[in-house]
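Student: Structure incoming, see below.
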């Protein structure tokens, strides 16, 4: 099946694909079927299409042995692919740090810009995208607050931006499933729900925080009520498993990014070349490095004449610049990540079949019996928080959820609370890490971690507590429906959400608050007006003037993606899917709900 990012040659959705036009108003200049629902097919959001090739027949001893061996090999392959997938994410993060850390340091040094809330938000987003690590971005903020380079009030928008920027990883992972229309629809919608939740929370809490400083005051109250004592480090289970492999590829000096911000040392390399010393240390004890190179980081202060130990990784002693190594690691890690994702998806489709698939889906997506069904989502939040806490990485957890959504194991309604729990889990990890800070920076580190925690907790109260306000779910479905037919929309979404729109807002904020209000105010008002008109078109068209009851009076390119799709398809050498490919699916027994229901355990 071709991996296409161009538009599909199927009935094209208009703006109704994202909920902006009433489907009953088909005189708007375009026509099409309900987004996300194939002709004569099933809705990929509500029905998983895991393939079942099992035959209900008696098998002999040799066949049973073959099945056992095959199942064991598939399980080993799945675990191995998952391991290298996680390692590739770690190396990808290192690559982004090598490519963008110096730029991130330069951005953070402009204190005048950081005092602007909108600029602070954008800086948090861009820096987290550049370094691919919310932990690194948070540690930078903590260091700046502790060194008095940044006030706690100015750090709040940056923390919000860090929360938004970390959702790009799952979106990038979903792109690897663009070869299959239904899988990409579910995977991209699942990754988008995380980013939509973060952006909606920012849109509500940033103005509120700017007006009332609610999060800052709440964190101060929590600090006043607690008796803080420096604690131990947070558990590091996942790193303990992946470090033996990733440290053979690359090792970075994590202190260089922070030191480049709090001081003027900007010429140090992020790559760790020296891991320690042979012989006696200044304290009189000998020091040796193990094969992974994990030992005391004193390479920055070592003099050339000392007998130093070279680290054991591919780029130790290399004369390549950080930028060159970053590009090499970026290309290699992306290649390994895509290969591992393809293997994971194929193995999941092979393993999760028939009764096994139904049992797994039932357990993961099941609700408690009435009247306690509402507790299922909150249990999922706790599970997401706990697993993220154990993995020590929200990016790894969310990136692992996306392929499972693509193959239909986890539905969007269950993945949403898992993502919310992941947000909480990463803040509790940051809180434990803050408690391990030195005494002089303990209060600042804990307050920043508490602000991050209360921000995500407020987001859950806003967009999950009341079921009717769970807006990220329908919005994510609309995005998934749209990208399923126009794959280039996924790239546009990535560029707009994490790069172009933040940079545009950043540029306007540099010109001053009045310029930002003069330009951004009318644009925001226009967007809100369009949303209001489209909601009324869908539900109360009689309330609108006749001219506004449809968008037929506008040029086609203003209310339909079809002209844009023709432009992109003509300019880009992507092969589109054909109508026959999309509509030629045959309903097998494993795609029949009645047959599956009869095979339930």
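Backbone N, Cα and C atoms are what each Cβ position is placed from, and that goes for glycine too.
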Student: Per the topological domain annotation in Swiss-Prot, are residue 132 and residue 543 located on the same side of the membrane?
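Tutor: Yes, Swiss-Prot places residue 132 and residue 543 on the same side of the membrane.
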Student: Between 370-390, 391-411, 412-432, 538-558, which stretch does Swiss-Prot give the note transmembrane segment?
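Tutor: Checked against Swiss-Prot: transmembrane segment maps to 370-390.
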Student: What range among 34-54, 55-75, 76-96 does Swiss-Prot describe as transmembrane segment?
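Tutor: Swiss-Prot lists transmembrane segment for residues 76-96.
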Student: Do the transmembrane segment (188-208) and the transmembrane segment (448-468) come close, with at least three CB pairs under 8 A (pairs 6 or more apart in sequence)?
Tutor: yes
Student: Before we move on, state whether the transmembrane segment (325-345) and the transmembrane segment (488-508) share at least 3 Cβ pairs under 8 Å, counting only pairs 6 or more apart in sequence.
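Tutor: Stretch pair does not touch.
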Student: Should anything in the same chain at least six residues away from the topological domain 'Extracellular' (509-512) have a Cβ under 8 Å from its Cβ atoms, list it; otherwise answer none.
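Tutor: The answer is 113, 116, 118-119, 122.
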Student: Which listed stretch (76-96, 111-131, 370-390, 448-468) has the most C-beta pairs under 8 A with the transmembrane segment (488-508)?
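Tutor: Ranking 76-96, 111-131, 370-390, 448-468 by Cβ pairs under 8 Å to the transmembrane segment (488-508) puts 111-131 first.
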Student: Through the lens of DSSP with three states only, how would you label residue 275 (disulfide bond)?
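Tutor: Looking at the DSSP assignment, residue 275 (disulfide bond) belongs to a strand.
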Student: Cα-Cα, whole number of Å: residue 311 (disulfide bond) versus residue 210 (N-linked glycosylation site)?
Tutor: 47
